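Asks: The structure follows.
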């Protein structure tokens with residue numbers, strides 16, 4: 001007979017509150033469309049979002065790996081590094097932090113390499129190093145690359161990515177604009193092919209000097225290109241800017257750059273341009 005007065009025994013189960021931890025570094029979220037992308041898939045796709053085509057920022061060495069033939073790149077100018085000519089407070093610590101973070105001494109990597117068998121001089125700016133701002137060392141390395149192209153009669157390919165002049169170096173930073181432009185004039189006089197690829201962002205003193213003077217100027221999709229940022233311009237002129245103003249596609253439509261080329265097509269396009277402008 002069933003005992004209605006007997007108390008049933010219950011076991012209290014505590015709800016699971018601890019969430020499963022997902023290891024860091026497995027995926028990234030696209031800042032444009034919000035798509036969650038596994039890093040391995042992103043690497044295979046040239047660090048480009050497979051859903052919306054957003055181009056993630058990449059380091060100088062990642063770009064060299066994508067662009068140059070295997071084991072063909074030989075760096076020069078690595079010993080050049082910036083100092084603190086104005087004794088700007090905290091600048092030396094900022095440089096040390098950037099060097100530890102990136103493994104670079106400065107914001108641009110220069111060297112000789114081959115692109116589908118064609119030898120070129122390369123200068124590739126790295127936005128991870130103080131936004132690749134241009135100080136004395138960056139200006140010196142860009143000029144060194146130009147001098148190497150003149151010496152060896154080789155095409156020069158420069159990938160730009162910069163927040164502009166490095167404010168901690170003041171007038172010494174601004175002097176690099178004139179310095180690099182003088183070397184571009186020498187390239188023109190010697191008929192050395194000079195190709196610029198603008199990546200996000202290319203702004204300030206870099207956009208107003210050597211970056212805007214290429215024989216051919218390409219840009220990555222969506223790259224921000226201009227001297228001052230859109231917010232500063234709007235505040236100055238007190239007008240709303242057109243949609244996409246200062247983006248690569250807008251500038252291509254208005255004749256400022258020659259073509260917008262996605263990252264996966266760059267090696268092929270650059271190879272064709274080198275062939276068309278070859279002196280040999």
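Glycine is treated like the rest: Cβ placed from N, Cα and C.
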Asks: Any idea which of 30-52, 53-75 is down as zinc finger in Swiss-Prot?
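Replies: So the range that Swiss-Prot calls zinc finger is 30-52.
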Asks: Between the binding-site residues 30, 33, 49, 52, whose Cβ has more other Cβ atoms within 10 Å than any of the rest?
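Replies: Top count of Cβ atoms within 10 Å goes to 49.
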Asks: An 8 Å radius from the center of the 30, 33, 49, 52 Cβ atoms defines the neighbourhood of the Zn(2+) site; name the other residues of that chain inside it, in order.
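Replies: Filtered neighbour residues, in order: 31, 32, 34, 35, 37, 50, 51, 53, 54.
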Asks: Take the zinc finger (30-52) and count its residues per DSSP category (helix H/G/I, strand E/B, coil), listing them in that order.
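Replies: For the zinc finger (30-52), the helix, strand and coil counts are 6 helix, 4 strand, 13 coil.
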